[in-house]
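Reviewing the structure listed below.
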């Protein structure tokens, strides 16, 4: 099993100075990315270690283990790196997105239903293009629902096929 | 009903027992306190027009008399998990605390695993093991939907569980919710008795004994192990405990549970079991209008 890279997790290096694998993101870069893109304070992830499995998929684990570790799962997948625009997961956004202060787009109940069904929708947005945290009201407060990609007056639903629902 | 008749000597009111076993069980959901509060989940269910009855013994569990667990807004936010009442018993009895090291040795598809994570406040370390790749996929999907991050998952036979990836540290608490002949799920799966055979019970009991022994070995002295099944068969319940008591340093301890139950039995079909197995609890469908269940709490003494 130890030769099987698909079950090997490597902890992200703390900073670029400690990097040994060329394109691997660092903890510092991951924290900066959440902060710069969504205004999520690095302190939110103070108790979490970050791990890469395969090329680019980053997992957040509350706690720490000795690296590398050959195991089937470690916390949750939070981020896809090693591409021009890093992409957060729906699960990460639902878990940590309430700390976000920018690049959040709020939908009506009808728009949220279309988003959960995987539909792309035309809408106005005067902020940055790119990946946004999609929220709607649930039990009286805005709640993060998933990830949308905003370009050219359109919000594309990034809800993975397995999570889509007709509501 | 021929399989269930073998338990008639153990049951106070066989007619009520058989009648309950034939009634379908309504859906139930557990509120995921990693992502929300019981109060907000209740509000979201009401907003969605879903009738939800809070159970008396567990404030975070709601029975849905008219609806399914999935396909509603609080569910897609990971605020709810479909889990029948008795399935929520063993994690509560194990009572893991934030910051502890906990092992769920037969974890998939993860209803109890994610409940343990919530009880731990998504802190400490939760190790979940299963031997089936397909079922582990379901476990991962459930854990991610519910926002669990303190979880490490291994695929292996729990009887050979290795502590090596975890620095060799023993666990504070271990949940042993073993595969079993599942008669207690008859209200959800009416076909469950069709595959019943005494040979299967015997084979399963052998595996259960091996898993419980490894769980006791992997838990620190003074730590807690909870053993549970959804079968009525004493061969898979009291007999497994009796074996562990003889082979490993442990003892059965009393515990409180706000559901009606009966003590573990010390004799069945001529077999005698250690008197202390009476500290285990048998949950029958006709007492609380639930599925059937068995639960025991052990303390590791060496």
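A Cβ is built for glycine as well, from the same backbone N, Cα and C atoms used for every other residue.
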From B:56, B:172, B:177, B:191, grab the residue that TrEMBL records in the same S-adenosyl-L-methionine site as B:106, B:107, B:108, B:109, B:110, B:111, B:112, B:130, B:157.
B:177
Spatial neighbours, same chain, of residue B:230 (active site, nucleophile) - Cβ under 8 Å, 6+ residues apart:
B:86, B:87, B:180, B:182, B:183, B:184, B:185, B:291, B:292, B:293, B:294
If I restrict to non-local contacts, at least six residues apart, and a C-beta distance under 8 angstroms, what lies near residue B:157 (S-adenosyl-L-methionine binding site) in its own chain?
B:131
Residue B:106 (S-adenosyl-L-methionine binding site), Cβ-centred 10 Å count of other Cβ atoms over all protein chains shown, is 24
Expressed in angstrom and rounded to a whole number, the S-adenosyl-L-methionine site built from B:106, B:107, B:108, B:109, B:110, B:111, B:112, B:130, B:157, B:177 spans a maximum Cα-Cα distance of 20
